[in-house]
Amino acid sequence: MTTVLAIETSCDETAVAIVNNRDVCSNVVASQISIHKNYGGVVPEVASRLHLETINSLIALALEQAQLDWKAIDGVAATCAPGLVGALLVGLTAAKTLSMVHSLPFLGIHHLEGHIYANYLSEPTLETPFLSLLVSGGHTSLIYVKDCGVYENLGATRDDAAGEAFDKVARLLKLGYPGGPIIDQLAQQGNSSAFKLPEGRVSLPEGGYHPYDASFSGLKTAVSRLVQQLEKDHHVIPVADVAASFQDTVARALTKRAISCALDYGLNTITVGGGVAANSGLRKHLLAAAEAHNLRVLFPPLKYCTDNAAMIACCATDHLNRGHISSLNLGVESRLSLSQVMKLYD
Ligand code: KG4
Ligand code: ZN
């Protein structure tokens, strides 16, 4: 049995968790959203400072809630890529320091690998291979999960990430930040067929369209034009209908790509990870389509969809059990492909 304390500070949540194999002993998150929403998005410098102010008390709280002391911990991990450099440095420096003080192995973890591992917290018997649909504020990817640390990128967005599209559309509808949960709630009162919006496809040089890549910038522009036109015609903007039509278009686009990718690669399980995995429209469309094709879809519980450290600790446990340990010289990286994740270990 391996017990890991992990820290996640890649963006706007300061999070610490202790996980024993796939059992969560404690999972604490201090969200910075109430501060960043005054600026309409995450301000990197503010994020770093808030992580610094919160991290020590959160580590103490995680140990207290787990009713464990340092003698029970086998390793210390922190997200080291991708993310905001200043924010990542706070968590990484804290984890390295704790590993030195307590003579414990240190592991740097890839944030997206953490989102993949969120599924193991609710489905501990999940086995590779499977397809992972990662949909967050910064990423939209289809990943062939072959084994711990072995990933192949099969599809991605060519422009905006799915969560980014939700946030941008919410901004142009003047709904606040982060947009995903607000649009999701409004969409449930709206008519998803009210407006026909373009799904956005990626052309191939030889003709036709890329089956797994997505593009959301055209959809965002179409919503912007629709709002402008309605305003010009002096209509009250039917915000719930616009939100429902937009959400439905994104959910259908993601569902279509995930299903065809799973079928083409003979993978009968699709896991979903990242903040947009919380979206009710995506859950509805993907579950229905998977059932029709006899595929299994797993969504983590909502608290493990958005950024948290339990998923980072769960991922670190698997690496640690395989003898993967990082050097104390490991730095942070704002971008790092999942296919390069093993370069984090010596
Ligand atoms: O994974 P995450 O917490 O942070 C990143 O790694 O980016 O994802 C945050 C993103 C934001 O863009 C947020 O608007 C979106 O996830 N999000 C949602 C929902 N909840 C969060 N998008 C759609 N529907 C939701 N219910
Ligand atoms: Zn994330």
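Keep in mind that glycine also has a Cβ here, set from the backbone N, Cα and C atoms.
What TrEMBL records for 24-313 is domain 'Gcp-like'. What TrEMBL records for His111, His115, Asp307 is Fe cation binding site. The annotation substrate binding site is assigned in TrEMBL to Leu134, Val135, Ser136, Gly137, Gly138, Asp167, Gly180, Asp184, Asn279.
The most densely surrounded of the binding-site residues Gly138, Gly180, judged by C-beta neighbours within 10 angstroms, is Gly180.
Across the residues annotated as binding substrate (Leu134, Val135, Ser136, Gly137, Gly138, Asp167, Gly180, Asp184, Asn279), the two Cα atoms farthest apart lie 18 Å from each other. Cα of His111 (Fe cation binding site) to Cα of Asn279 (substrate binding site): a span of 20 Å. Selection of the binding-site residues Ser136, Gly180, Asp307 by a Cβ distance under 6 Å from ligand 2 yields, in sequence order, Ser136, Asp307. Each of the binding-site residues His111, His115 was ranked by the number of other C-beta atoms within 10 Å, and first place falls to His115. Taking the Cα atom of each, His115 (Fe cation binding site) and Leu134 (substrate binding site) are about 7 angstrom apart. In sequence order, Leu112, His115, Ala161, Ala162, Gly163, Gly273, Gly274, Gly275, Val276 make up the list of same-chain residues 6 or more apart from Ser136 (substrate binding site) whose Cβ falls under 8 Å from its Cβ. Annotated pair Asn279 (substrate binding site) and Asp307 (Fe cation binding site), C-alpha to C-alpha distance, rounded: 15 Å. Proximity of Leu134 (substrate binding site) to non-local residues of its own chain (separation of 6 or more, Cβ distance below 8 Å) is seen for Leu112, His115, Ile116, Thr140, Ser141, Leu142, Ile143, Val272, Gly273, Gly274, given in sequence order.
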